[in-house]
Structures are given as structure tokens and as C-alpha cells.
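Please read the structure below before turning to the comments.
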């Protein structure tokens, strides 16, 4: 069976202007005119303007971005529970401007410190250079949405309008995305469509290709093919032109859901729109076919990639290794590694994790351990995910005692960072194996490390196992540990 596309020679790419479907704000630079001093009149009008500058030359933009990132890295390193971020901002008040705050929002949004974003925002509003800007609100709404803080996102949306700003397309895109991060997906999709229809009748808020891309991906993830087709028809009738992200987003969503026919239909549609596949397209197809164990198609796509002007990336090989491993095709997975090195690629730490898990699936625990030991002995930075992959390999092969021995030695030597993900993995494995002593030992170790498991921890760890007697006992024991901790 052949794919709905084939390339016999090098793929020729035509340059086209595309719009990214993510909420990446443009690089912001300091506007000199914001620094002038003036006597404030008795009566004045609040005007909402954009602080987004025009595009600079490549070299100057990179220099400015690098300097801004350095300052933000310094700010992130110099705050803690004992030293609030606002006090650090006050220390560098002469240097911090809007572009730095944008980067701070991004960095804080990657962690659980989303409340710090609001503190930075309030600090911004007190500065003389601050002007209410849609871009700031859009970024904050996006961060809150990703953290599942929908009410906070909607409060910011209301606060924006109260500040005198008029919503634009980017703000509504952020609001739609925020709703789509809520748990009730059917309700979220209904609200998203409500905003979409509202945008059509509003000045400065007409749906952009980003709007369509967000909604198309969301409905594809929800397996609502009918609504996806309706949106595509609406897109064709509008003045907006689909881009490579439109089709990549749809294919990725369908591929992750195992909807191969729908994915291939989108690929054909992409071809009819005269858009050539990029490396993301190839990686999506390779991963999707691999997960469905349609290896003939996966290999055909990989061959097409090698013939094209696109170059494979490390995730290309990692995906193939992982999917061959899950199918217990060890030799093919090892051939992928060989091909990877032949093409001049150096395995990343994720590649080693994929190989460890591959050997685990193929009942080659000793090879997995030998590879893990090589990582331990290397001078490369140690990742908690690498330790987790080896522990998971032991556990999936019914070796919880060996997993406990490895964890204990790593914990004592502090050879790898350990966080709640490690404990969650082991708790689930020990519970499944009915190893009550190991469960209690693990909870005691967690308490010593200052990691306090909550209800979500146990629900995530137990997953499909439900709440059996051992989990209830463990939860009760941990509740006791928490009480003891509170009395200290």
C-alpha cells in the first residue's frame, strides 16, 4: 500500500510567508520615546498602544535578544521563597523593560510559579515606562491558560478592557486557547466556537490563520471530524490562507489519535494546496505510522525524507527507535542507531533513554543497564528522565527489588536529580507488585526529601489500578507523615 504522496527526487520548496499558530510574541526592544519626562496634565486620556516594534536587522535583533535573555536568566537565578522576585526586579529596575518581562512570563510559565507572573505584571504597572498593551495581556492570558488557571485568564481579559485596551485578534486567540486547556473539553470547545463566531463580527478581531489553526487542532484532538471539515470549508471561503502549520497541526492531532486515514486525507489536502512537507511533517508521519506499527509506511516516509532537501533531526531517529522497541524489533532499532551515527548525528540524552526503554521492551535488561552505566560514567549532565527510564525498565520486567536497589544507590550517591516523577513511577510499580514494604520505604524517603504527595500524586500514580487496599493504606500512612511534618 503506497502513501498518498511520493518523492522520487529532491523536494523543491517554494518560499512562502506563513504565520505561526503558537502564541509567540515578537522580540520586543526598548522604545526610546518611552523615556521622556513630562508634566502630567490634570486631564488626560489613557491610550492603549502596542509596544511591539518593527523588525530589526538580523544581527541587531540577535544581540538585543541575547542581552535580554542574559538579564532574565540572572533574575531567575536571584529569587527564591526567601527572596521575592519583586525585590530582585527592584534591584535591577534601571535595566528591566517590557521585553524582559515578556521573557520572564515565558520562563515562569514553564514552571509552577505562575503566581509570580502576576507579581511581575503588578510591578510593571508601577513603572514609569509602562503603557497598557494588548501584547502583555495576551501573553499573560496564554500563560494562565496553559497552567489551567482559566478563571485567572478571564479576569485578565476583563482587566485588559477596564484598562482602556481594545481586544484584538491575538487577545481572542489567547482566550480561546486558555479555554481549550480546561478539563471539560466539550464545554471548552463550545465556548471556543462562541468566541470564534463573535470575532467574525468585530472590528480588529477577525479570525486569523492562527485562530483557525487553534480550533482545527482542538477539534481533531477531540476526534470531531465533522467539525474539522466544517472549519476547513469556512477557511476556504474566507480571505485567510491555510499554511503549513494548519496541516501539520491537523496531522499531528489525528496521528496521535491513531486516525491514520484522516491523517493521510489531510496530507493529500496539503499537497493540493501546493504546500511541500517540512521536517515537522515528516516527523509527524514517521511517528504516527510507527505508533500504529505500520513500519512499511514509516520506512517509506523516512526514505522520502532522505531524498528531500529536508534533513532528519534527532527526534526522527528517537521516534523510530521507540516504536521499533515497543514492537520488540531490537535489531531494527539498533540499525536506526547505526544509521543515525553514519549520518553524523550524535545521540542525545533522549536517544539513550529511548534505547534503554527499547531494551526493556525487548527483555534485554542487562543491555539496558550496561547503557545506563555508561551514561552514569560519562561527564554529560544527568537527567532525572534517564534514571526514570532505567527504573521503568526494571519495573516493566517485574524486577521491583532491582529498581529499589538502583534507586537507593543513586539516591545515596546523589548521582542523578530525583523529583516527584521518580517517586510516582516507583509507587505505581510497587503498588502493582503488592510490595508493601517497598511502598512504605518509598513514602518515608519522600518525607525525608521534603516531597509531600497529595491526592493528585496518588491518582496519577495508581492510574488504572483504582484504589485498592494497599493504596488506601499508603495514602493513610502518608497523611500521618504529613501531620507529623506539620508538627515539626
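Glycine is treated like the rest: Cβ placed from N, Cα and C.
TrEMBL annotations: computationally assigned, not manually curated.
Not measured: the values here are computed from a predicted model.
Taken straight from TrEMBL:
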type   : residues : note
REPEAT : 133-167  : repeat 'PPR'
REPEAT : 208-242  : repeat 'PPR'
REPEAT : 243-277  : repeat 'PPR'
REPEAT : 278-312  : repeat 'PPR'
REPEAT : 313-347  : repeat 'PPR'
REPEAT : 383-417  : repeat 'PPR'
REPEAT : 419-453  : repeat 'PPR'
Outside the repeat 'PPR' (313-347), six or more residues from its ends: residues with CB under 8 Å to it: 279, 282-283, 286-287, 290-291, 293, 295, 298, 302, 305, 354-355, 357-364
Local confidence of the repeat 'PPR' (383-417) - pLDDT mean: 95
DSSP-derived helix, strand and coil totals, residue by residue, for the repeat 'PPR' (243-277): 26 helix, 0 strand, 9 coil
Structural state census, the repeat 'PPR' (313-347) (DSSP three-state): 26 helix, 0 strand, 9 coil
